[in-house]
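So the structure is just underneath, and the comments pick up after that.
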């Protein structure tokens, strides 16, 4: 079981990182296919071990969090993502699941549409007028991009017709046609400006401009594909008729939509679109297949992060052949050593590819890869390249073996690989400049100490100029030193000093999360903070005491122990304690609390609509409850919100009491 927990935790950590890179930073590091593989592997493991499912698992969420630069918008109806299938066998399995759940053997009618490769947005119309536009964000909260969306001429500022609902929120995709993308990049090259890697990145970057005048100059367009909120009106009872209604209101809808009855017609449509893909004039990465009857959609319902009545049938990644020139090794925040192949540049799906991730030593061994080999490079999801195979018959005589380093290429510290883990790591910790940069970026991030304005470029300069070696050094910075950085004037420097001053007041949970202890995410940091209450108590804890904390197992307990016992980390924490502070937590004496939650282990599952999850946790904890992320025999109560999944099923299986959010609110008020 320990190796399963370790594998699950490792997958969650990797997926969270790559979600942030893709959805928040628009800087993905791995192919979509690799992300999908990891997500499916995690889903499979959690299905086999439902007691290990936690609220903060990537399988229980849609996407990633919004940026701070824009006002946040809470979606009244969550914007869910779609599950994916990658071949005909997987699609037929989806088709069978739908038939089985509906208890019918008759062929079903599906509405098949293009899967656009852009940015999902929500458009809210009140009395026919566009009043708000928002990105998907994490599915619950997005970014208010109304001013930018109003500049997109394809989007009507007012709906047409007499039957417009009082309030209607439509969903669709903002994207950049290929011709406009090429023209934008050509102009950028002439001016020596930023060139975008692909149309999706260009669309995302254009929508996230703080100045709408810049967005207005970008060749963006939009297709509508669904509805979220509807108030004061009616829609047809089939999806394709809804699309026609959107079109009648003046909303753009793709012409490549088709009703298909039975799996043979669906697969034929998929193959036809795959064949026509290159001539569409805009990027797609598959076909979306939806049960057309809205009554049947309601019967099928949802799982935690996606509807049961729809799936995305994705195209195979596009591939080309090239040669490996060299292999270099990069170092991440936790010391993970990632081999990267430097390739003979080759055009794959319209983009010049010169680098590809090799993931780890096991992947190199699996491929049988050598320097000088001819390899197959795939751009999964048309975004990120990876080496998927070696063309052995083209191997030259002078290839070189790839030697995985035993010392860190940045700091020279030993590299170790823990038994059972695929990832090798530098043991240098914050002594390693590469780890220092990534650790500092994490320390100042929004969910950690939230130092507003302290971006990646600033961190990199601070480390390179040796102004900062560890997080404690950040609080010794002066405006004078900061003004010596690129693009840092006196006012910006003063603002950054003020942001650092503000960050000194935090919470124990945020502080623990900011330290960057392996496997300690926000939820685990909050549990550790609630359990130990002070740093001294946490320092004094042994493995068994740590394991008594909700969601902390053997692996996480060892990571915490190792981090706190390392001499360099101890010194950094001591320095931080001199400047960073948080409110002294009040001692909660459970026996003195008159509450139905006192002394109970409580699990929250599904989407809450009245309170946010954080608010619910805070109020439950204040009334003496221990809030856990997983259901076990020790759980006393499960609070089930909308679209509750495996945790609810586990609770019912174990005979644990289940209440809904309304009942929780009533009990909180007693």
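The first residue you see is number 1, and the count goes up from there.
Positions of Cβ are set from backbone N, Cα and C atoms, glycine also.
Look at Swiss-Prot and you will find 32, 33, 34, 35, 36, 81, 82, 113, 136, 173, 290, 314 tagged as NAD(+) binding site, backed by sequence analysis.
Swiss-Prot lists 115 with the feature active site, N6-AMP-lysine intermediate, giving sequence analysis as the kind of evidence. Long-range Cβ contacts of residue 115 (active site, N6-AMP-lysine intermediate) within its own chain (separation 6+, distance under 8 Å): 284, 285, 286, 287, 288, 312, 313, 314.
Per Swiss-Prot, Zn(2+) binding site is recorded for 408, 411, 426, 432. Taking all protein chains in view, 19 other C-beta atoms sit within 10 angstroms of the C-beta of residue 411 (Zn(2+) binding site).
Taken from Swiss-Prot, the feature domain 'BRCT' applies to 592-670.
Sequence-distant contacts of residue 82 (NAD(+) binding site), defined as residues of its own chain at least six apart whose C-beta falls under 8 angstroms from its C-beta, comprise 288, 306, 307, 310, 311, 312. Across the binding-site residues listed here (136, 290), the residue whose Cβ sits among the most other Cβ atoms within 10 Å is 136.
Other Cβ atoms within 10 Å of the Cβ of residue 408 (Zn(2+) binding site) number 24 in total over all chains. The binding-site residues examined here are 426, 432; by Cβ neighbour count within 10 Å, the least packed of them is 432. DSSP assigns residue 408 (Zn(2+) binding site) to coil in the three-state reduction, placing it in neither a helix nor a strand.
Across the domain 'BRCT' (592-670), the prediction's mean pLDDT works out to 78. Taking the C-alpha atom of residue 36 (NAD(+) binding site) as reference, the shortest distance to any of the binding-site residues 408, 411, 426, 432 belongs to 426.
In sequence order, 331, 335, 407, 409, 410, 412, 413, 415, 427, 428, 431, 433, 434, 435 are the same-chain residues whose CB sits within 8 A of the CB centroid of 408, 411, 426, 432, the residues recorded for Zn(2+) being left out.
Residue 32 (NAD(+) binding site) falls within a helix when secondary structure is assigned with DSSP.
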